[in-house]
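Sharing the feature lines straight out of Swiss-Prot:
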type: ACT_SITE; residues: Lys316; note: active site, proton acceptor
type: BINDING; residues: Ser198, Ala231, Pro232, Gly233, Gly234, Asp250, Asp270, Asp287; note: S-adenosyl-L-methionine binding site
Amino acid sequence: MSEIVNGRGSGIVLLCRAGFEGDCAAEIQDKTAELGVYGYCQTQPEQAYVTYHCQHEEAEHIARKLTLKDLVFAREMFALLGPVKVAGIEDRASEVIKVLKPHQETFGLAGELRVGTPDTNEANQLSKFCRKFSVPLRQALRKEELLSNKPLAKRPMLHVLFVNPAHALVGYSYSYNQTLHNGGIVRLRMSKEAPSRSTLKLDEAFQVFVPENEHEKRVHSGMKAVDLGAAPGGWTYQLVRRGMMVQAVDNGPMAESLMETGQVKHIQEDGFKFRPKRKNVTWLVCDMVEKPARVGELMTSWLLEGDCEEAIFNLKLPMRQRYAAVKGYLDQIKEQLQTEGTKPFEIQAKHLYHDREEITVHLRWLPRS
């Protein structure tokens, strides 16, 4: 059991995929060092979260300044106020309040409460308990004027993370620096019409990388798209269901159901050699099993040469030192865009819920203001 559960503590809690704790820890150490904070990480294999220990004031600084969307391996992040031991205690809500009360000046009146668990089979068995416990806890927090009577989207959120049945970690996050989804998990249903499960990666990517209020403008019917390495059509399916006209590039066969829509043109060609005849492509997507540096260079060249406006693609991860590798891939892309490009750009990367041994990257030119 980690030290943070057994004792007092402040810091940052980060949730990640089980098995990627070391990568999440390496990333938070690197990013906080850039902020001038030098804490230390504590985690265990397969526990699906990392605790970064630092002073309370430093945790507050990180919670405000380190953007969740700039972290690749962290799904959710909150500033830790302290651990709670609830084993054998009937009034668990009071124990949570004891941790929160001394720090109320930090977060003021919270606008929402999130009770959850790390994403492990053992912890997920507590999901039903978390839903039930949320009701009396919410009432108790409102009575103590720690939580607003109605959800307030612009106020901080309180977090109670049950790491096992006996212990929880309590903290807060700011409204501008949190995920819409509990645990950062975007749960999606697999469509019967989709040719492969890989379709869920692109579906999630659109939801994570494109803000909901920009979907109508940036992801809509009638757009032109290209899918490199498309067969059998898992990613093409997501473009088709959004009403796009797609050039699916792959020497392999495409699902007949997609070809019957009339929205797909199958081009049997090498994805690394193909280029569209016209400069009217909005979206480029790619899920090819290739060397990450090679894929990154290809995607960057499409943007630089005006062959697309936005790109979503996967980069396969090595078995070891994954964060160092990812940083190298992304730095290479940034350097190429900064050196050869003439416009401001945005790059986002995330180890999505539906990703396994890969990360998903989004690139786009930013509109000139």
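Each residue, glycine too, has its Cβ placed from N, Cα and C.
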Of Asp250, Asp270, Asp287, the binding-site residues given in the record, which has the fewest other CB atoms within 10 A of its CB?
Asp270
Ranked by the number of other Cβ atoms within 10 Å of their own Cβ, which of the binding-site residues Pro232, Gly233, Gly234 ranks first?
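Buried the deepest by this measure is Gly233.
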Would you give the longest CA-CA distance, in whole angstrom, between residues of Ser198, Ala231, Pro232, Gly233, Gly234, Asp250, Asp270, Asp287, the set recorded as binding S-adenosyl-L-methionine?
20
Using C-alpha atoms only, work out the spacing between Gly234 (S-adenosyl-L-methionine binding site) and the residue listed as 'active site, proton acceptor' and round it to an integer in Å.
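Here the two Cα atoms are 17 Å apart.
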Check each residue in the chain of Ser198 (S-adenosyl-L-methionine binding site) that is at least six apart in sequence and keep those whose C-beta is under 8 Å from its C-beta; list them in sequence order.
Gly234, Trp235, Asp287
For Ala231 (S-adenosyl-L-methionine binding site), list the number of other Cβ atoms lying within 10 Å of its Cβ atom.
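Here the count is 19.
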To the nearest whole angstrom, what is the C-alpha distance linking Lys316 (active site, proton acceptor) and Asp250 (S-adenosyl-L-methionine binding site)?
19
